[in-house]
């Protein structure tokens with residue numbers, strides 16, 4: 001019995017967006033994997049949250065746990081999005097005329113290093129501030145970060161259309177609003193579950209409600225602003241959108257929520 005195409009796309013997203021082992025007995029498909037990126041984000045964020053809880057329970061200092069969790073997130077994604085962040089920062093610094101050339105350069109420039117440093121420091125500060133609320137915040141940030149490229153693909157042309165080895169297939173095979181269905185299912189589930197948690201007085205419903213409201217803004221604004229500045233999007237700017245939205249979401253949650 002052949003697996004449905006959506007399941008093969010999910011298996012493809014699992015391989016493409018993470019370093020996790022492939023699913024046995026299922027041939028992955030890669031044409032429409034972007035729609036499942038938010039689901040993969042929840043898995044990766046869940047693993048980060050799990051590590052946080054295990055180490056905190058083992059009486060590790062919060063500062064050490066924070067560094068390990070951020071390192072785990074970078075490793076689980078294969079550095080894919082961080083590489084895109086650095087390349088995009090270098091491209092923006094070079095100006096629109098030399099943007100793609102700078103982004104294609106295998107050498108990382110000063111702007112790329114600066115962007116990476118700022119993002120990591122902001123994530124560290126945010127997680128330290130969130131404290132016990134960090135595990136839920138990691139899940140929320142990972143989800144919204146992977147939603148950001150969906151808006152970029154819907155709104156902007158691909159800058160390297162036709163070039164081999166690029167992420168242009170994300171736009172080529174997309175089917176309009178259907179690409180947002182998996183993410184919408186997660187939001188619908190969250191909106192259904194949160195009220196029941198509030199009834200039983202679960203304290204962390206504040207994080208869920210704030211995350212649903214806070215994360216949506218950067219998920220749209222970051223890819224929108226990047227697309228306008230670059231004149232379109234590429235695989236690098238998709239990755240940059242993921243990292244920037246994750247970081248901004250964590251920062252906003254840290255600012256708006258009481259210390260955990």
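Quick reminder: no glycine exception, Cβ is built from N, Cα and C everywhere.
Feature annotations, reproduced from Swiss-Prot:
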type: TRANSMEM; residues: 3-23; note: transmembrane segment
type: TRANSMEM; residues: 36-56; note: transmembrane segment
type: TRANSMEM; residues: 60-80; note: transmembrane segment
type: TRANSMEM; residues: 108-128; note: transmembrane segment
type: TRANSMEM; residues: 133-153; note: transmembrane segment
type: TRANSMEM; residues: 180-200; note: transmembrane segment
type: TRANSMEM; residues: 206-226; note: transmembrane segment
type: TRANSMEM; residues: 239-259; note: transmembrane segment
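Same-chain residues lying 6 or more positions outside the transmembrane segment (36-56) and placing a CB less than 8 Å from one of its CB atoms are 9-10, 13-14, 17-18, 20, 62, 64-65, 68-69, 72-73, 76-77, 132, 134-136, 138-143, 145-147, 149-150, 182-183, 186. Spatially, the transmembrane segment (60-80) is adjacent to the transmembrane segment (133-153); three or more Cβ-Cβ distances between them are under 8 Å for residues at least 6 apart in sequence. Remote same-chain residues near the transmembrane segment (108-128) are listed as 62-63, 66-67, 69-70, 82, 85-90, 92-93, 102, 134, 137-138, 243-244, 246-247, 250-251, 253-254 (criterion: CB distance under 8 Å, separation of at least six residues from the stretch ends).
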